[in-house]
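Taken from TrEMBL, the feature transmembrane segment covers 9-29, 41-64, 76-95, 164-184, 204-223, 229-246, 262-280, 286-309, 321-343.
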Amino acid sequence: MMKFTKQNFFFLVGGIIIYVVDIGVDFWVASKYFCQGQYSWSILILCFRGLSSLVTQIFSYEWFKNDWEGTDTGKLKWIFLVHLFHCGIFVRYWFALKYGCQAAFKLKSSGDASETDPSNFIKKQAIDAVTDINMLRVFKAFLETTPQLFVQIYILLQHGKTNYYQYAAIFMSFCGISFSMVDYQISLRKSLPDKGEFRVPSKFMYLFYKLFTITSWVLSISLITLQSIRISVILLIFLWICGCIWTSKQCTTFCRSKKMEYLYRTVVGIILIFTFFNIKERRTKVFISIYYATHTVVTLGILFVYMFWKHSIIEEIHFNIVSIFTVLLLVLGIIFLVVYYRLFHPTTYYRPQARLDEVDGVAGQKDRVRTGRFQNFLM
């Protein structure tokens, strides 16, 4: 049975606050760099903010258009104007709060498990609204927050000087990336009736696995960027191309239009630069093993090569600290990954009721889009 609790509602309110604070921190940090005459860093931070906002507005409006297909076109025009001014996420938060408040505080539990039951319908509306928001937050995390984290660490290693606003930006980046991934997994499993929900230990295992592996990788890329920006850019573009090719090979059907599907695959390619992101309901043991084995080899290769050039770029003591920290986080991240999938993954303690096999192909996908957008996106 679908559940949307008071705790879920308060987390939703907290998400709004964090989102607004994050916007304020971005402009605050950009203004600090601008006032110091470091215009390139200020412009780069604002570009990341603008790119992520543009992409999330496009996806948000497209989802509204799909959900409201056949309804009053006046609503869509109003929604288009709101997204044009980059405020679409606040409309989504308003709908989520509206349905979430009803589901958490006003509805009584019903014995009817069907989606036609009014109380379950409201709960489903609330869960779907939160899931949409969390998917957009994942896009934002890897189009804006992760690149900003990379830039802040690069500046820190290059100049060796820190300011309080840099610490604030790094802290907000870590929070944004980690919690967006966990929140998305939680809401995704709530929106899919045959998926087990996260227990508290599972949430922490998943959080640490993502946090440690992403941080280790960002540190590695920052080191290679210190040595050569050109090599770093070439490496990131190569990884992005590989991610896009792999995503295309999976024949994803997340979006209705081909243009939006190509944009979606492009964004997933960017996400795959930094962390593993499954896009099909299938066993991922082989894919995830190859992914993190590749990351491990590249990380160790960067540290090995850097040993011969560190004296010209970064002090030896700083390099030793960063390299130890990078390897330690990578090892811890992989340990948490293995433990999570061995002992704490929901499939280890959740046994769904017997059901028919998933329908492949376009015919089955169209029916599932009507019942829930994320029936097409299964982790």
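Glycine residues also receive a Cβ, built from the backbone N, Cα and C atoms like all the rest.
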Segment proximity, the transmembrane segment (164-184) to the transmembrane segment (229-246), 3 or more C-beta pairs under 8 Å: no
Maximum Cβ pairs under 8 Å to the transmembrane segment (262-280) - stretch from the list 9-29, 41-64, 76-95, 164-184: 41-64
Recorded stretch, among 41-64, 76-95, 164-184, maximising Cβ pairs under 8 Å relative to the transmembrane segment (9-29): 164-184
